[in-house]
Every structure is written in structure tokens, then in C-alpha cells.
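**Student:** After the C-alpha cells below, expect a handful of questions from me.
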């Protein structure tokens, strides 16, 4: 997996969380982003842990304990954070938010969408460079496609039932819509890579299996001729 993919994904989730809080998005959206940050931290921890472990010749038990402590601290922090954020969000809704705060929140939303869109390119390039998708789980991208697709549909489906201005509603969610639907489109390219490179891999393995064992037979004939 590309480290650039993980770094852009984490940056996107972090700026999306700030944007959701500043623009008073739905609590479920905030909790979901917090969960995404939690999984990003787990993936980055795993990446760094195995990178250091594979590059070092000596066994380092301290590294394993540091990784466990980091994961534990992240888990505790992110279990407490959603309740704290939702409580602040509900209290903030009663007060009139200033325009500058809302503009900053929407700016963070657009920055998050740029990070999300940029996250797929390092992975696409790495897969293309290796001509392989080995070591990468397709379920990660498949579930991301389902999540982004259903989020986009939820915004579109609710439009006819809205009593207020539909344009205002779309503009309020536009930054997150660009990020989710744009990433959905790029994930189709990742899916295509999985299909193409899987076919190439199966073709290579079948080619290896069809190679006749000529060399050992020739060696045996030479040994018999010497006798």
C-alpha cells in the first residue's frame, strides 16, 4: 500500500472533521469521520511498524509495545471524542454562528475533498509501476465505494422532500459531495487495476505450469550415457 494514499486520506479526514464541526453538519457525519480518523491512525501505525521491523535486522520488542500503546491511546481518545463533539455541536446550534466561522468550515470541506481526490493517485501510480495489486485489500476500496455511493445518493434522494431552498442545501453539502463522488469515480479505476493485474498474474502462473520439465530429463540421459 502507498504511504501517500494513507497520508492524503488522513489529512482529508482531519480537515473534513474540522469542516463538519464549523459548519454544524449532522452528528452521524461527525462520528463517521472520527471513526475514519481512527482507522487511518491504525493503518499508518501498521505501515510504520512493519516498515521499521522489516528494515531492521535486530528484533525490537520495544517497538511492539509502543505500537500497542499508540493504538490503545488512539482508541480511548476516539471513543471519548464523538460524545464531546456532538455535545458541543448541539450547543453551538442554539447560538448564531458567525459567517467567518462558516466560511472557514466550508473551506476546510473543500480542502478535504482535494485531499480525498489526491489520495487515490499515489496508489494508482504504485499499482501501475509494479503492474500488480498484491498486498492491497480490495475490500478497503469496495467498502469505500459503497459508503461514498450511498452518501451521494442520500443527499440526492432527500432533495424532493425538502421544504426549503434546494440550492442552499446542495451548496451546504457540495464540498463533501465532490469528495465522495469524485473518490467513487477514481475507485472504479482502482477496481479496473485489480481486474487487469489479476488476469496478468493468473496468465503468468498458468504459463509457468505449462513449461515442460526438459532440463532434468536431459540430465538423466547424460548420466545413463556415461554408464
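Every residue gets a Cβ built from N, Cα and C, even glycine.
Owing to the predicted nature of the structure, the values given are computational and were not obtained by experimental measurement.
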**Student:** Of 26-50, 201-225, which range does TrEMBL call transmembrane segment?
**Tutor:** 26-50
**Student:** Using a Cβ-Cβ cut-off of under 8 Å, list the residues of the same chain that are 6+ residues beyond the ends of the transmembrane segment (138-162) and lie near it.
**Tutor:** 169-170, 173, 176-177, 180-181, 183-184, 187-188, 190-191, 194
